[in-house]
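Residues or ranges marked as [4Fe-4S] cluster 1 binding site in Swiss-Prot (evidence: sequence analysis): 14, 50, 83. The [4Fe-4S] cluster 2 binding site annotation in Swiss-Prot covers 158, 162, 165. Residues or ranges marked as domain 'MTTase N-terminal' in Swiss-Prot: 5-120. The feature domain 'Radical SAM core' is assigned by Swiss-Prot to 144-374, with sequence analysis given as support. Among the features that Swiss-Prot reports, domain 'TRAM' is placed at 377-439.
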């Protein structure tokens, strides 16, 4: 390949994958690749995958099939990363003969070398886990991209082994980055114009617990909050059992810490929570919610719900609905249970019929839709501080997020990107808010 080389990245799954895709783009920029939004003109296509549910995994294979003919028509390299890559490894190269390279969740640092080999016709898979401190030194950072928000990885992996979850098998055990590296990365990002950071990890609340002498997650938040020029701090994802009183106190004491937390309950029944190996009861979860709201009364809480878990009775399911009503989530991600390889739940009996699971999922989503619309309507007439991120998808409005992580669209000058502005909310929609500048600028 000579001259300009174009890279297209398709990202499936969570915010960690979005962050990893940013790092992929940064690494390959050093190999002469610039990004394109059009896969049909790309010289290299990277598909960053998710395997949390079977549906997401099947979607990846379907997506890869689109490029078989394209590769016959012209010179094109195709790579797969992320959790499906980690899970399948060499099998992906055999199953998808038109695939050139496969890299796992711990192997991003090898990507430049693998691409160079692929350019010479060599197919490779690299999916070795690095479950020790050495992997911390291999975290590639995304380039300064000119945006006002930034994802910052603070830890990787998970040690909880919830019975339904494949994450420990495809992301590895928990390892925390050194706080000095995290703080240095954020200082550099702020110097480049970033005003908001989202701290990422499969279980951010356990940050530092396995590293002698390291800060706790609450301590890390306090250090980051002291960085001049940084306006807002967010984090995801939190495991309810690991939320400490020290962390809850941060919501009362740190104005830069945004008033939103993603707190996955997964179910409202103690028997199902126990079968899921979640490590808390319904009451313990509700006590954490109450403590968070005592610390920050206006905090908005989002969550995850799984329906159709093996053995879930109608009574168990009704407990989930009642939990949702008691918490009053702003929004949730809701899913039908999906058996995953290697997980403990995959061998459980008492499977729920698909029809019943689908019906329960519809009831969950209907209840949440009503609560979300009601919650959004409650913001109409209020004035919200919005960090302007840029132009909306429609292109004729600005968009940004409130402290509580709600998307707001409004008319304004594009030069406001990166600014905190007051927006009066005029209308609530299921997925966003509409507003107008309180003082037109």
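Keep in mind that glycine also has a Cβ here, set from the backbone N, Cα and C atoms.
Overlay of Swiss-Prot feature records on the structure.
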{"residue": "14", "record": "[4Fe-4S] cluster 1 binding site", "contacts (Cβ under 8 Å, 6+ apart)": "50, 52, 237"}
{"residue": "83", "record": "[4Fe-4S] cluster 1 binding site", "contacts (Cβ under 8 Å, 6+ apart)": "13, 17, 49, 50, 51, 52, 105, 166, 167, 170, 171"}
{"residue": "158", "record": "[4Fe-4S] cluster 2 binding site", "contacts (Cβ under 8 Å, 6+ apart)": "165, 167, 168, 171, 173, 174, 202, 203"}
{"residue": "162", "record": "[4Fe-4S] cluster 2 binding site", "contacts (Cβ under 8 Å, 6+ apart)": "266, 276, 277, 278"}
Please give the average pLDDT for the domain 'MTTase N-terminal' (5-120) in this predicted model.
91
Determine the Cβ neighbour count for residue 165 ([4Fe-4S] cluster 2 binding site): the number of other Cβ atoms within 10 Å of its Cβ.
22
Count of other CB atoms lying within 10 Å of the CB belonging to residue 50 ([4Fe-4S] cluster 1 binding site):
21
Chain-mates of 14, 50, 83 with C-beta within 8 Å of site centroid, [4Fe-4S] cluster 1:
12, 13, 16, 17, 49, 51, 52, 56, 82, 170
